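These come from TrEMBL:
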- H47: active site, proton acceptor (ACT_SITE)
- D48, V51, G53, D55, S57, E69: Ca(2+) 1 binding site (BINDING)
- P144: substrate binding site (BINDING)
- H174: heme b binding site (BINDING)
- T175, D220, T223, D228: Ca(2+) 2 binding site (BINDING)
- C16-C96: disulfide bond (DISULFID)
- C49-C54: disulfide bond (DISULFID)
- C102-C296: disulfide bond (DISULFID)
- C181-C207: disulfide bond (DISULFID)
- 6-300: domain 'Plant heme peroxidase family profile' (DOMAIN)
- R43: site 'Transition state stabilizer' (SITE)
Amino acid sequence: MVACQALTPSFYDKTCPNALPTIRNVVNGVVSKDRTMAASLMRLHFHDCFVQGCDASLLLADSPKIQSEQNAFQNFRSLRGFEVIDTVKSEVEKACPGVVSCADILAVVARDATVAVGGPTWNVKLGRRDSTTASQKLAEQNLPTFKDDLNVMLANFKRKGLNAREMVALSGSHTIGQAHCATFRYRLYTNVTKAENNFKRDRMKVCPISGGEGNTSPLDYVTPNEFDTNYFKVLMENKGILHTDQVLYNGGSTDTFVVEYSKNKQTFFNDFGAAMVKMGDIAPLTGSNGQIRRICRVPN
């Protein structure tokens with residue numbers, strides 16, 4: 001990954017000064033009605049950036065020429081919030097047609113959704129352009145899976161230019177949101193990572209050994225709709241819902257980061273914001289590359 005100097009927080013200051021307030025107003029309105037949507041909106045940015053860079057390829061729908069990344073097994077029937085992005089894009093287009101990219105909208109929406117549920121803010125670098133292609137195959141190769149062990153996760157993030165500390169900070173986004181049974185059954189019915197007995201028994205009621213794939217459980221059972229440090233405290237109790245959560249605190253090299261963030265909210269918030277900026281620098285399209293989509297779901 002090479003950080004792109006073309007990206008800057010002031011990119012739209014002259015060409016679309018109302019872009020950021022417009023995005024924030026839509027996100028605040030949506031999250032005020034449904035706080036669970038904040039996690040979904042943040043996830044879209046992450047799942048976009050990890051596949052051919054932060055280029056809004058994730059938003060492209062199936063067509064004769066495009067195999068949508070939304071069909072990758074890591075995304076299928078688990079991503080949501082696309083209609084929120086559509087609304088944001090529509091409102092921004094009214095303010096300044098053909099100026100603000102869908103890729104930048106995803107980045108700003110992730111920040112605003114975080115703030116809306118009590119999380120940190122950061123300066124979002126802007127100036128990305130939108131891809132005209134997507135790849136289900138690349139999505140399945142690049143996105144983490146719920147069975148990944150720590151070494152696999154570390155290698156995956158390293159390929160994107162993100163170190164172990166940044167990986168743990170970004171994983172802290174699981175302080176909000178829900179997991180589907182299909183993604184945490186592996187954690188409950190194997191002994192790969194330690195699970196507190198009562199926690200495990202209660203989750204087995206939600207997620208039987210077969211069936212109930214769509215049943216959900218909070219990623220952070222203490223404060224599932226508040227962006228805070230309880231996610232890390234939950235891991236230290238061996239109550240992480242996903243295998244990929246609990247491996248961060250399972251006697252390995254990342255335990256120290258989990259402990260540090262559990263004790264220091266400001267350190268976590270600072271590191272999370274910085275890691276989100278760095279993630280947003282993954283392989284953006286700039287200059288004359290790509291396009292500014294008029295509708296985020298289809299190329300122009």
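Including glycine, each Cβ sits where the backbone N, Cα and C put it.
Around the Cβ of C181 (disulfide bond), the same chain contributes V206, C207, G212, E213, G214, N215, T216, S217, each under 8 angstroms and 6 or more positions distant in sequence. Within 8 Å of the Cβ centroid of the Ca(2+) 1 site, not counting the listed residues D48, V51, G53, D55, S57, E69, the chain contributes H47, C49, F50, Q52, C54, A56, L58, S131, A134, L138, A139.
Sequence-distant contacts of H174 (heme b binding site), defined by Cβ-Cβ distance under 8 angstroms and a gap of at least six in the same chain, are L219, D220, Y231, L242, D245. Here the C-alpha separation of V51 (Ca(2+) 1 binding site) and C102 (disulfide bond) works out to 15 Å. Other than T175, D220, T223, D228, the residues of this chain whose Cβ falls within 8 Å of the Cβ centroid of the Ca(2+) 2 site are, in sequence order, I176, V222, P224, E226, F227, T229, N230, Y231. Taking every protein chain shown into account, C54, C207 are the disulfide-bonded residues, and of these the Cβ with the most other Cβ atoms within 10 Å belongs to C54. The C-beta environment of D48 (Ca(2+) 1 binding site), restricted to residues of the same chain at least 6 apart in sequence and closer than 8 Å, consists of C54, D55, A56, S57, L58, L59, A103, L106. The binding-site residues in question are S57, T175, T223, and the one with the fewest Cβ neighbours inside 10 Å is T223. When the recorded positions C16, H47, C49 are screened for a Cα within 10 A of the Cα of E69 (Ca(2+) 1 binding site), the ones that qualify are H47. Using CA atoms as reference points, the recorded positions H47, P144, T175, T223, D228 were checked against C102 (disulfide bond), and the closest is H47.
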